[in-house]
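This report refers to the structure that appears directly beneath it.
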Amino acid sequence: MTKNFLDPQLAKAVSGEEERQRHNIELVASENFVSKAVRQAQGSVLTNKYSEGYPGKRYYGGNEYIDIAENLAIERAKELFGVSYANVQPHSGSSANFEAYMAFLHPGDKILGMNLDSGGHLTHGASVSFSGKMYEAQSYKVDSETELLDYDAILKQAKEFKPNLIIAGASAYSRTIDFQAFRDIADEVNAYLMVDIAHIAGLIAAGLHPSPVGLADIITTTTHKTLRGPCGGMILADEKYAKRINSAVFPGSQGGPLDHVVAAKAAAFYEDLQPDFKTYSAQIIKNAKTMADAFSKEPDVRVVSGGTDNHMFTLDLTKTGLNGRQVQDLLDSVSITLNREALPNEKRSPFVTSGVRIGTPAMTTKGLKENEMLQIEHLIMRAIHAHDDKNELTKIKRDVFDLMDKFPFDSNPF
């Protein structure tokens, strides 16, 4: 394996992470396990090449094979989402969002995106992000009672604020997003509509969540999460916007693309186009619903909005007496990985929070199904109830290892 060529200190870190991924229950909603093909592409000699520009129009020679790989990624992305244009060069989802803003806005323009506490992303207008520093930003929130998007309230806010760009999409919203409603709001105030599908891209590609294609002016996404590709970004749009988006990516904000990552995107998109990807994506949702339903029956925790329509949900921990950071650390100690998450109208710091976010893409990739989701829910509640009982926590960690030993690291059934 590659680690045999590494120096001892780095080899220890890599092998340690491999063991962690082998034995842990992975519930971080933004993580997944890529295939050997994706890892092979990302670890290939394409990392040696530099290729500023686009296929057929590079600023360096010797890019004939890089062009083939990038064109494969582009064409597969277009087929996957049914779009006429795709840019696969963004280094990350945040990069893609920055480049989308550059393509459609000027510094100081107004943007309207989802509030962080409601499940939005930093790059949707948070004050600590470039999006809140370069642009005049406001945030819309979920309804305080239902914890769902209130499209009438968003329309009212948009009419008052008059944004140049409205952002739909989230990083911790478990319900179906009505992109047609957002299109109608954008049209009402003469704004561009950007949709960030980073979390639900795989579900959209599989036809299991409504698509923003044909409604959004520009679509951004990551290529990992539910797409099960390498960490990276991508922009989708109508061909009429190609020139302005291409210019915003290069030379507007990036130099050369990461050619090995672009090739890994192509490998992942090939897998996503296979019939079993829909089966896999459907199982992600089944698993999330099963676990959310089980948590909903527990007296000490509450599922935000009452459930999920996608791959993730947020747990309100208020009644447990523990905060999000404490539960994240507690579960880390028994080899269950997730992340602390703010609740709607959160009172605590983002470093603490009152909730945790749970996602099922990674465990679904390993082959776990509904029965295992019930076991995981039980393990989490056992840990919360035994948070100060070291002997019980040791038993829980052993049970986690026993469960994951049934699902080897490279046994991806999909």
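Using N, Cα and C of the backbone, Cβ positions are placed for all residues, glycine too.
Feature annotations, reproduced from Swiss-Prot:
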| type | residues | note |
| --- | --- | --- |
| BINDING | L116, G120, H121, L122, S349, P350, F351 | (6S)-5,6,7,8-tetrahydrofolate binding site |
| SITE | H224 | site 'Plays an important role in substrate specificity' |
| MOD_RES | K225 | N6-(pyridoxal phosphate)lysine |
Ranking the recorded positions H121, H224, K225 by other Cβ atoms within 10 Å, which is at the bottom?
H121
Through the lens of DSSP with three states only, how would you label the residue listed as 'N6-(pyridoxal phosphate)lysine'?
helix
Check each residue in the chain of L116 ((6S)-5,6,7,8-tetrahydrofolate binding site) that is at least six apart in sequence and keep those whose C-beta is under 8 Å from its C-beta; list them in sequence order.
L122, A126, S139, A342, P350
Within 10 angstroms of the C-beta of P350 ((6S)-5,6,7,8-tetrahydrofolate binding site), what count of other C-beta atoms is obtained when all protein chains are considered?
16
Of all the Cα pairs drawn from L116, G120, H121, L122, S349, P350, F351, the residues the record ties to (6S)-5,6,7,8-tetrahydrofolate, which distance is largest, in Å?
16
Out of G120, L122, F351, which of the binding-site residues is least crowded by other Cβ atoms within 10 Å?
F351
Helix, strand or coil at L122 ((6S)-5,6,7,8-tetrahydrofolate binding site) [DSSP, three-state]:
helix
